[in-house]
Amino acid sequence: MFTLNLLLYIIPILLAVAFLTLIERKVLGYMQFRKGPNIVGPYGLLQPFADAVKLFTKEPLRPLTSSILMFILAPILALSIALTIWTPLPMPNTLLDLNLGLLFILSLSGLSVYSILWSGWASNSKYALIGALRAVAQTISYEVSLAIILLSVMLINGSFTLKTLSTTQENWWLITTTWPLAMMWYISTLAETNRAPFDLTEGESELVSGFNVEYAAGPFAMFFLAEYANIIAMNAITTILFLGSSLTTNLNHIDTISFMLKTLLLTMAFLWVRASYPRFRYDQLMHLLWKNFLPLTLALCLWYISLPIALSCIPPQM
């Protein structure tokens, strides 16, 4: 029974990731006035499965001078963390109902740094190492703003439990009152998932392919799956935090469809950003966080702390 539950949890995520890669190629294709994948299956719908078969049947090569254990463990850790992040998310029901669900998600996203660092260091390649160091600095930096934004949202929510956010947003979504936080959160999730215009870790013109340059076949596919699973997970968290994950109805299937549609629209925005914007310079990336986002998020956090205290003398209105 446990194995069946595990499969029912993992397979839909992997299927969503598979079709997200297809949607991305189709969207980018049409934005660049071309068709995208259209050969394998009707309208190219079987392309993700063809890619999966190709990647997982190839021989996984590794550099002769690489550190074998870390080289093998890095992609496994990346995919494991990407799949574990989904456990406390209410969609509208959770797999693991945690009191500190948001802290759990924040700590897991911090752990994903290790898989990138291990892969870059264990490859024994200067390009992979530079890509890994960039990724670590970028991820750790943007986690600061993510943590402060989460703290601000939790001050409004009054709890670290994700399920209570749907109750908080019964009358109106938090994005209406906290839109500056939502905007900074969304840009920070782009940086956290190493997506364009913050894809400095995979700068093809500079670093060949970034931290995974020495990976091929199955291990490379695992990194790929982890990246796209993280993208969908981050957009799901954005939906829960700012867009009210469930409606006021007691119909779970309608709540789930609403949640899925919001997450899909946010994910499509990720692809639109990739097609529209060029890559940032590294110094611009760091300036955006430390000189713009950090002061703003701290100021807003102090505002949300002081507002309830300042208004505590006013009697509640009926």
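Our numbering is plain: 1 for the first residue shown, then up by one each step along the chain.
Any Cβ shown, glycine's included, is placed from N, Cα and C.
As the structure is a computational prediction, the values presented were derived from the model and not from experiment.
Counting same-chain residues at least six beyond the ends of the transmembrane segment (3-23), those with a Cβ under 8 angstroms from any Cβ of the stretch are 37, 44-45, 47-49, 51-52, 83, 86-87, 95, 224-225, 228-229, 231-232, 267-268, 271. Sequence annotations record features per position, and here Swiss-Prot assigns transmembrane segment to 3-23 (among others) based on sequence analysis.
Swiss-Prot lists 68-88 (among others) with the feature transmembrane segment.
As annotated by Swiss-Prot, transmembrane segment applies to 100-120 (among others), with the evidence given as sequence analysis.
Sequence-distant contacts of the transmembrane segment (136-156), counting only residues of its own chain at least 6 positions beyond either end whose CB sits under 8 Å from a CB of the stretch, comprise 102, 106, 109-110, 112-113, 116-117, 165, 168, 174, 177-178, 181, 184-185, 188-189, 191-192, 194, 198, 200-201, 241-242, 285-286, 289-290, 293-294, 297-298, 300-301, 304-305, 308. Summarising the annotation, Swiss-Prot assigns transmembrane segment to 136-156 (among others).
Residues or ranges marked as transmembrane segment by Swiss-Prot: 172-192 (among others).
The transmembrane segment annotation in Swiss-Prot covers 223-243 (among others) and is backed by sequence analysis.
Residues annotated as transmembrane segment in Swiss-Prot: 253-273 (among others).
The transmembrane segment annotation in Swiss-Prot covers 294-314 (among others) and rests on sequence analysis.
Long-range Cβ contacts of the transmembrane segment (100-120) within its own chain (Cβ-Cβ under 8 Å, at least 6 residues beyond either end) map to 70-71, 73-75, 77-78, 81-82, 84-85, 88-89, 94, 128-133, 135-136, 139-140, 143, 146-147, 150, 154, 160-163, 192, 201, 211-212, 215, 223, 226, 230, 237. Between the transmembrane segment (294-314) and the transmembrane segment (172-192), three or more CB pairs separated by 6 or more residues in sequence fall under 8 Å, so the two stretches touch.
In terms of C-beta pairs under 8 Å, the stretch of 172-192, 223-243, 253-273 lying closest in packing to the transmembrane segment (68-88) is 223-243.
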